[in-house]
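Here the structure is laid out as structure tokens; the discussion comes afterwards.
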Amino acid sequence: MIRHISRISSQFSKPFTVIIEGNIGSGKSTFLQHFENHKDVCVLSEPVEMWRNCAGHNLLANHYENPVKWSFTFQSYIQLTMLQRHTFVTSKPIKLLERSIFSARYCFIEQLFRRGTLEAPSVSVLNEWFKYVITKFDVSVDLIVYLRTSPEVVYERVLTRNRKEEQSVSLQYLKDLHDLHENWLFHKTAFSRPAHVLTLNADLGRLAIREEYQKCEDHLLSVTG
Ligand code: TTP
């Protein structure tokens with residue numbers, strides 16, 4: 001599947017690190033599954049299961065049930081789990097991460113602030129942590145893969161997958177998150193990008209999207225080869 005990757009990246013002592021970004025339901029997990037069995041790729045899926053069970057507490061559910069009360073707690077924990085992913089040590093030459101500490105800050109925390117769910121003092125505390133973490137730890141990234149979707153398409157997917165915690169996710173919520181991703185990764189008018197962005201059309205269905213995955217493989221070849 002990605003037959004050339006092994007030969008290209010073994011020269012790097014630090015793995016070539018790719019973060020996979022996109023709206024809720026954009027297909028990040030499916031994208032990662034495509035690379036999962038390659039011997040040279042370390043795939044780090046999002047720690048949703050950790051968010052569902054922090055010492056027995058389902059923070060994801062708490063967050064959606066009562067965001068004003070719990071979103072600070074939830075986003076604090078997400079920052080920690082993202083840092084754990086970024087600093088995960090692997091001997092494999094390529095590391096793929098589902099999301100990052102960057103999208104948690106630039107998209108989700110930002111959205112909660114704009115909606116008034118998180119107030120300025122809470123955002124300031126999360127932001128101070130964020131700034132400290134990104135300067136004191138190696139969270140560097142070599143490539144961002146942006147799975148670009150339209151809000152209507154991901155809304156349908158969220159309804160279809162029917163994750164029990166996400167019952168309150170509305171089309172408007174996804175539109176707002178979409179705009180934040182777009183301004184950050186596509187129009188490049190907000191925040192800064194930790195690496196070059198490769199944009200894929202993730203509105204496509206499961207079969208057609210394989211061609212988009214191929215673009216990513218090709219890009220990995222061109223930047224590392
Ligand atoms: P996503 O990170 O978008 O994962 P997903 O399972 O929707 O990915 P895909 O369908 O593309 O494979 O979100 C997981 C859940 O966590 C979703 O309900 C949004 C929520 N979330 C936050 O509320 N804040 C955050 O900072 C992050 C990263 C996720």
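Cβ atoms here come from the backbone N, Cα and C positions, even for glycine.
According to TrEMBL, the feature domain 'Deoxynucleoside kinase' maps to 19-204. Marked as ATP binding site by TrEMBL: Gly22, Asn23, Ile24, Gly25, Ser26, Gly27, Lys28, Ser29, Thr30, Arg157, Val158, Leu159, Thr160, Arg161. Annotation source TrEMBL lists active site, proton acceptor at Glu98.
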Among Ile24, Ser26, Glu98, Val158, Thr160, the recorded positions whose C-beta sits under 6 Å from ligand 1: Ile24, Ser26
Fewest Cβ neighbours within 10 Å, where candidates are the binding-site residues Ser26, Thr160: Thr160
Ser26 (ATP binding site) to the residue listed as 'active site, proton acceptor' - Cα separation in whole Å: 11
Average model confidence [pLDDT] within the domain 'Deoxynucleoside kinase' (19-204): 96
ATP binding residues Gly22, Asn23, Ile24, Gly25, Ser26, Gly27, Lys28, Ser29, Thr30, Arg157, Val158, Leu159, Thr160, Arg161: largest Cα-Cα distance, in Å and rounded to whole number: 18
The residue listed as 'active site, proton acceptor' and Thr30 (ATP binding site), distance between Cα atoms, whole Å: 10
Between Glu98 (active site, proton acceptor) and Ile24 (ATP binding site): CA-CA distance (Å): 12
